Amino acid sequence: MDQEDRELLRRCRLRLVGDLQVAPLWDALLNRELFTPDMIEDIQRAGSGSRRDQARQLITDLETRGRQALPLFISCLKDTGQDTLASLLCASRQAIRRDPEAIRPLDPEPAVMEPMVPKPSSQETMKGNADLAYVLSAEPCGHCLIINNVRFCPTSGLSTRTGSNIDCEKMQRRFCRLHFQVEVRYDLTAKEMVQALAQLAQRDHHALDCCVVIILSHGCQASHRQFPGAVYGTDGCSVSVEKIVNIFNGTNCPSLGGKPKLFFIQACGGEQKDHGFDVAFVSPDTEAPGSSDEADAVPFQGGPEPTDQPDAVSSLPTPSDILVSYSTFPGFVSWRHTTRGSWYIETLDGILEQWAPSEDLQDLLLRVANAVSERGIYKQIPGCFNFLRKKLFFKTK
């Protein structure tokens with residue numbers, strides 16, 4: 001989506017979330033191929049499943065759906081009789097294309113007078129309000145487990161994930177700076193992955209405020225009720241994302257009840273490339289000799305053959321305090337550069353470095369999705385469905 005269209009959606013966000021009638025839209029969105037059925041289901045499960053939560057998630061995901069997403073969405077509004085919103089977006093879009101400075105935020109904001117004495121920022125106020133934001137005051141903030149699968153056994157048919165160690169180093173350094181106690185486990189089989197995750201869940205988290213799991217591996221499509229996809233152990237056996245997340249549910253990990261549990265998964269969602277065309281990851285002048293882009297996947301065959309897939313979307317049977325961020329939507333590839341690491345992890349690291357001191361996690365991941373999709377001309381679009389009940393601001397050094 002063009003930056004102008006993104007800005008327009010953001011400026012109209014409060015109005016859209018307040019007035020948008022989502023129920024009549026599903027068929028129109030499917031017919032115009034703006035979203036797949038799986039994406040629609042994930043949107044419908046967003047947050048508490050209320051109309052406002054669904055509308056909020058729909059507007060967020062719309063920004064990732066290509067250059068024609070906004071005009072197609074306007075057409076869907078017209079088809080479903082939501083002419084007031086359609087006219088608002090259409091007129092505003094025409095105005096901003098004539099004069100980018102002509103449009104002003106459509107959602108009124110209170111005027112702010114320059115204070116006579118220093119006042120805390122809205123972010124600082126929110127951080128200190130347990131009703132609005134998760135309190136991340138513990139030191140360390142929480143545990144961060146990174147599983148980095150690089151070399152796979154020959155019988156698995158899965159290639160070595162060259163460049164994954166770069167991703168691992170970036171995430172290890174970044175979450176140390178965000179006040180997490182980081183542990184890295186390398187080249188685990190599927191059984192060892194489950195054991196490592198269970199050991200983390202069995203720890204006492206009462207004195208901590210958060211928990212992070214990062215998985216860097218090959219992936220595959222898998223049947224699921226709530227979470228799409230699975231990730232491979234080095235033995236070629238897979239562990240479903242649904243199983244990984246449920247290891248940390250209230251029954252298995254009661255000391256994390258009410259605390260944010262974050263999962264970041266770098267793997268592929270399939271063999272498809274989203275609308276667009278292939279572009280070089282870096283310019284010819286800066287690309288190292290012998291380096292190249294690789295997909296963290298092979299085509300899904302539906303049988304026992306090794307595959308590599310999801311970095312996509314997710315939801316929870318009991319949606320509470322969970323966020324799962326995938327590097328791509330289900331069914332699509334996720335790109336990793338052999339000398340610079342994956343697009344997703346590199347972008348995530350950069351966004352956290354620049355914006356973590358001032359923005360909450362949901363806004364950070366929207367920036368990641370926009371940046372990754374733009375760099376690949378929509379060849380890869382990250383996905384994130386979250387069930388965090390409050391804003392989450394990381395502690396930063």
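Glycine is no exception: its Cβ is also placed from the backbone N, Cα and C atoms.
Annotations in TrEMBL come from automatic prediction, not curation.
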Which stretch, out of 45-64, 105-124, is listed as region 'Disordered' by TrEMBL? 105-124
Local confidence of the domain 'Caspase family p20' (140-272) - pLDDT mean: 91
CB neighbours of His218 (active site) within 10 A? 31
